[in-house]
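In Swiss-Prot this protein carries:
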BINDING   GLY18, ASP19, ILE20, GLY21, GLY22, THR23  ATP binding site
Amino acid sequence: MSKPNNSTAPLPFPILIGDIGGTNARFSILTDAYAEPKQFPNVRTADFATIDEAIQQGVLDKTAVQPRSAILAVAGPINDDEIPLTNCDWVVRPKTMIEGLGMEDVLVVNDFEAQALAIAALSDENRERIGDATRDMIASRVVLGPGTGLGVGGLVHAQHSWIPVPGEGGHVDLGPRSKRDYDIFPHIETIEGRVSAEQILCGRGLVNLYHAICVVDGIEPTMKDPADITSHALAGSDKAAVETVSLFATYLGRVAGDLAMVFMARGGVYLSGGISQKIIPALKKPEFRIAFEDKAPHTALLRTIPTYVVTHPLAALAGLSSYARMPANFGVSTEGRRWRR
């Protein structure tokens, strides 16, 4: 019978690598520590009743390689051996997976732990620098990603090891500072009476901010889709959309600067996800870095910390693969998150 196991021993190859999102699940198989991962087509979560069916039909039925173990990144709390996902109906059941899919070992980690693992050694071709700070230090880092929500993960460098730190940093407070902020914030939709960063810095938050700007300016909002708002903003074809994305970049800079100080992220702050990639032109305007650096009495420190947008199309899978190849380089906690036959 499979059971929880806190072993830090390497996962046995071949290893199934999975990044499970709300809409899509991405999989690859790593046959050994020196091989390139074998990628599989994205799986739409809505097309399968369970993750086990998705793995069987989307991966195992398409290859002769039988994984002995799996490492999965999921959006959701990992508290026991039934792990409900935040943004889709799947439930990850490692014991069932071991019995039904013929595996020996399953490790489940937080989705932004995987993103944090990825930024340990991201090449220049997989990141876009924002601002003038260029110092590339082997030092602690932080990644934040506006998407369905606002994910945050730290990557602490200590004793020659990279230690990913998951958390709920997307729910820190975000408050007004400028006169325009004080006009807009009363119209931001709150959660239980407060404005957290995630109420603005995600897809639905972008719409929330746009609607608040429209209310303040006395105009009728015409857009309900974040993609429409960003497209009109980048094209300069809608005044409210332009201001929405400009303020989004400002607020993202404020939160990113706060997190840089929390983690003393001299190794850099990384922005991940589709929204960050799409609004790179807006992030390269002065507002993001001005807000990022405006942290008196530590402005001089923030000016030295580089900021990047992650452009790797499969960053989470790359991070998990790095860990699977060389687990000794990372301080990944397995307590309560690893099951073995």
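Every residue, even glycine, has its Cβ placed from backbone N, Cα and C.
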Does anything in the same chain, at least 6 positions from ASP19 (ATP binding site), have a Cβ under 8 Å from its Cβ, and if so what? ALA25, ARG26, PHE27, LEU72, ALA73, ASP111, ALA114, LEU314, ALA316, LEU317, LEU320
Most Cβ neighbours inside 10 Å, all chains, among the binding-site residues GLY18, GLY21, GLY22: GLY18
Could you list the residues of the same chain, at least six apart in sequence, whose Cβ is under 8 A from the Cβ of ILE20 (ATP binding site)? THR45, ILE51, LEU72, ALA73, VAL74, ALA75, LEU85, CYS88, TRP90, VAL92, ASP111
Taking only same-chain residues 6+ apart in sequence, whose CB is under 8 Å from that of THR23 (ATP binding site), what do you get? ARG44, THR45, ALA46, ASN87, CYS88
Kindly assign GLY22 (ATP binding site) to one of the three DSSP-derived states: helix, strand or coil. coil
